Structures are given as structure tokens and as C-alpha cells.
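Engineer: Below are the features I grabbed from Swiss-Prot:
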BINDING   A12, Y13, S14, G15, G16, L17, D18, T19, S20, A39, G121  ATP binding site
BINDING   Y91, S96, N127, R131, S180, S189, E265, Y277  L-citrulline binding site
BINDING   T123, N127, D128  L-aspartate binding site
Amino acid sequence: MSKKNIKKVVLAYSGGLDTSAIIPWLKENYDCEVIAFAADVGQGDEELEGLREKAIKTGASECYIVDLKDEFVSDYIYPTITTGAVYEGQYLLGTSMARPIIAKAQVEIARKVGADALCHGCTGKGNDQVRFEGTFAALAPELTVIAPWREWDMVSREDLLAYLAERDIKTTASATKIYSRDANAWHISHEGGELEDPWCEPTKEVWTMTVSPEDAPNTPERVEVSFEHGRMVKVNGEALSPYQCLVKLNELAGAHGVGRIDIVENRLVGMKSRGCYETPGGTVMLAAYKALESLVLDKAALKYREQIGLEFSHVMYDGRWFTPLNDALLAGAASFADKVTGDIVVKLYKGQATVTQRRSPNSLYSEDFATFGADDVYDQSHAEGFIRLYSLSSRISALNKEGIPFKNTGIE
């Protein structure tokens with residue numbers, strides 16, 4: 001669709017520097033109506049305060065703010081937890097999880113208002129452009145997608161600030177606000193500025209969701225969490241909604257410096273990037289979930305669930321939520337999650353979340369079998385035959401290698 005044919009655009013709007021500049025840019029370059037859309041995924045009231053007024057002052061005809069907190073936690077975070085997914089062994093996928101629900105809601109607004117185009121403010125170097133546009137392609141292939149960072153000639157924060165100043169558009173952004181941050185109920189990410197140098201240690205000013213582990217209380221705190229069929233339902237015996245459970249754990253774990261990571265990751269677009277992430281409540285939830293899994297799943301089931309988690313981490317990171325593969329992976333994880341019911345105690349101390357107690361009505365653990373003391377339920381002599389069969393292929397391989405005939409070796 002040519003620029004002349006685009007009449008109404010729905011913009012994924014955050015109120016930050018990029019999307020503040022995109023509104024007037026769209027009107028100037030596409031001569032179209034701009035409708036702003038913002039998703040409340042638990043980033044905090046301060047991020048949403050005055051957002052509608054700001055969008056309209058900047059040139060939007062309307063701004064829709066949609067509360068997605070409960071849906072985000074119930075339909076995206078919890079299914080992800082059941083897969084056990086951790087991208088490249090460290091990243092708990094906080095930004096990745098939020099993109100499909102935001103893009104889906106943006107499509108729904110576009111359909112509601114009769115828009116013919118969708119717009120996002122993602123950089124042409126990042127993962128989010130793929131995540132947003134992959135969702136658009138899956139849910140609204142007929143709508144045109146506009147990506148200003150791949151069109152305009154502005155390349156820096158200073159360029160954007162100058163662009164807004166020329167149009168007398170006020171913004172709270174400044175050239176000194178160097179970090180790029182993205183927050184939701186699960187986490188907050190920090191990128192940019194001196195963090196782009198992997199040899200530069202993050203200062204205390206980088207972190208906003210957790211206290212420094214060095215400054216955390218000198219006394220550990222224990223928190224008990226309860227799951228039913230893979231969903232957390234209680235924190236310290238108090239029944240809470242999925243979203244409230246996460247909020248509570250963010251508060252408790254953040255006070256003990258839990259959930260910080262500083263990593264270099266492989267972006268989908270081919271380059272490496274350095275990011276600092278805070279996921280306090282999520283770190284506790286995932287540790288507790290996996291501890292309960294280890295109690296209720298047998299060896300083969302747990303191994304397969306781990307394979308699901310590895311594949312799912314890339315599906316989620318790469319923006320492939322709305323795909324048949326993702327549906328299959330989540331269905332597999334859900335079948336295992338149905339058994340994940342029970343209670344876990346996690347000790348929070350100086351940046352660490354350590355599981356110390358576990359119980360489940362579905363537990364496969366038997367103290368009678370596991371004891372190192374005397375028992376009447378397990379005949380240890382039975383292990384000999386098992387080991388002989390288990391190691392048979394290794395024994396045959398060794399005999400072949402040494403040229404020893406099988407005869408009189410006990411194999412024939």
C-alpha cells in the first residue's frame with residue numbers, strides 16, 4: 001500500500017522519545033490520522049500517568065490504554081514457566097514474553113477503529129521489530145506495517161530531540177537519559193550507554209527493581225509458595241491471583257537483591273548485545289516450579305520437558321508465539337504441568353533464591369527407597385543384573401576394540 005492510501009495508523013505508543021517523535025513524523029510523511037495504543041503489562045502507574053494526554057498533545061487523535069496485566073501473567077508468563085525456558089541459560093525472556101500480547105492487542109485496536117496500517121518504534125537493529133511484525137503477519141496480514149526507524153534519517157537521541165524541539169513538542173526525555181529500559185510485571189531490562197562496553201561494570205544507578213545484594217538484609221527470609229496444576233496460587237499461605245502472586249514475590253525477592261543478571265546475548269538479527277536484567281519474583285517462581293517438577297516428574301518426563309524448554313526459549317525469543325510449533329510445545333508442557341501441585345519454601349538471602357523445602361501429593365520421592373540406612377523395600381543385589389544389561393553395548397565395544405572373542409566373557 002502506498003503512503004497516499006494509508007489513512008489511519010495505530011501506533012504502539014510508550015510515551016518515550018522514539019514514539020513521541022513518531023506521531024508527528026507519521027502525520028508529516030503519511031498525511032494520516034494517528035491513533036496511539038499503550039499496553040499496561042505491569043510496568044507501573046508512573047509509566048502510564050498522563051500518557052493519553054501526552055499522545056494527544058503530540059498529535060494523536062486518540063490514545064487507547066488497555067489493561068493487559070492479568071492476561072499477560074495468566075496466558076503468557078505462566079505457560080512460559082511450565083516450559084522451564086531460559087534463553088541461552090540465563091535470560092528469563094521478560095521482554096520477549098510481553099511482545100506477542102502487546103502486538104495482538106494493537107491488532108485488535110486497529111480492527112476496532114478501522115485502521116489500514118500498524119506502526120511500531122522498534123530499532124532496525126533489534127529483536128522487537130521481528131517480534132511485532134511476526135505477530136502482525138500472523139494475525140493481520142492485510143494491514144500495512146510502518147517501521148520509522150527503517151525509513152527516517154534520524155540516527156540518535158540527539159536527532160530525535162532536535163526534531164521535537166523544531167516542532168515545539170515538549171518531552172521529558174533528554175540526551176543525558178542514556179539507558180534504554182523496558183519494564184513489565186515480570187522484569188525490567190537496562191541497555192545502552194556505558195553498558196554497551198562489556199568491560200564496564202554496571203553502577204548502582206543502573207538497577208531499579210532490586211537492592212544491591214551487598215546492601216540486602218543480613219538475615220535470610222523464607223517464603224512459601226504453593227502451586228496447583230502448574231499455577232502459583234498462594235504466597236506464604238495467602239491466596240492470590242496469578243498477577244498478585246508475581247507482584248508479591250517481586251517485592252519480597254527484590255528486597256533481598258534476587259534476580260539480577262548481566263549478560264551478553266545473541267540477538268535474532270545476528271549481532272550480540274549486552275543487557276542487564278532484573279527479574280526478582282520470576283527468579284523465585286521459576287526456581288520453585290522446577291523444584292516441584294523434580295519431585296513429581298520421572299526421569300524421562302523431566303528430560304523431555306527440558307527439551308521443550310530449550311526449543312521454546314528460542315521460539316519465544318525469536319518472536320514465533322503465534323505458530324503451530326509454539327502451540328505444540330505449550331501443549332506438551334501443559335501435560336506435565338498438570339502434575340505440578342504442592343508447596344515449596346525458598347530462602348532469600350543476598351541475591352540468592354535457594355529452595356530448602358518441598359512437598360507434593362503427587363511426589364514420586366520415597367524415603368524408604370532413597371535412604372542410605374537400612375531398609376526392607378529395596379534388594380540391592382538386583383542392581384547387578386541391571387548394570388550388566390545397561391553396560392552391555394560398552395562391554396561389546398571394548399571387546400571388539402581389543403580383539404577379544406566373546407566366548408567365555410559371559411556375553412555369549
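Glycine residues also receive a Cβ, built from the backbone N, Cα and C atoms like all the rest.
Keep in mind it's a predicted model, so treat the numbers as computed, not measured.
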Engineer: T123 (L-aspartate binding site) to D18 (ATP binding site): how many Å between their Cα atoms?
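Structural biologist: Cα-Cα, rounded: 9 Å.
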Engineer: Show which residues of the chain containing S180 (L-citrulline binding site), separated from it by at least 6 in sequence, have their CB under 8 Å from its CB.
Structural biologist: S189, H190, E191, G192
Engineer: Near D128 (L-aspartate binding site), which residues of its own chain have a C-beta under 8 A away, given they sit six or more steps off in sequence?
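Structural biologist: Listed in sequence order, they are T95, R99, H120, C122.
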Engineer: For the binding-site residues Y91, Y277, which Cβ has the most other Cβ atoms within 10 Å, all shown protein chains included?
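Structural biologist: When each Cβ's neighbours within 10 Å are tallied, Y277 tops the list.
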Engineer: Who sits close to R131 (L-citrulline binding site): which same-chain residues at least 6 apart have their Cβ under 8 Å from its Cβ?
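Structural biologist: Looking at Cβ-Cβ distances below 8 Å from R131 (L-citrulline binding site), excluding near sequence neighbours, one finds S96, R99, P100, A103, D318, G319.
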Engineer: Specify the secondary structure state of S96 (L-citrulline binding site) as given by DSSP, simplified to three classes.
Structural biologist: helix
Engineer: Would you kindly give the Cα-Cα distance separating Y277 (L-citrulline binding site) and G16 (ATP binding site), rounded to the nearest Å?
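Structural biologist: If we compare the Cα positions of G16 (ATP binding site) and Y277 (L-citrulline binding site), the gap is 20 Å.
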Engineer: 10 Å Cβ neighbour count around E265 (L-citrulline binding site)?
Structural biologist: 17
Engineer: Which Cβ among the binding-site residues (G16, G121) has the fewest C-beta neighbours inside 10 Å?
Structural biologist: G16
Engineer: Where the distance is taken from Cα to Cα, which of the binding-site residues Y91, N127, E265, Y277 turns out closest to A12 (ATP binding site)?
Structural biologist: N127
Engineer: How big is the gap, in Å, between the Cα of E265 (L-citrulline binding site) and that of G121 (ATP binding site), rounded to a whole number?
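Structural biologist: So the Cα of G121 (ATP binding site) lies 22 Å away from that of E265 (L-citrulline binding site).
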Engineer: Look up G16 (ATP binding site) in the DSSP assignment and report helix, strand or coil.
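Structural biologist: In three-state terms, G16 (ATP binding site) counts as coil.
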Engineer: Would you mind listing, in sequence order, the residues at least six apart from N127 (L-citrulline binding site) in the same chain with a Cβ closer than 8 Å to its Cβ?
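Structural biologist: Long-range Cβ contacts: T95, S96, R267, L268, V269, Y317, D318, G319.
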Engineer: Taking DSSP three-state, what's Y277 (L-citrulline binding site) in: helix, strand or coil?
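Structural biologist: Y277 (L-citrulline binding site) sits in a strand per DSSP.
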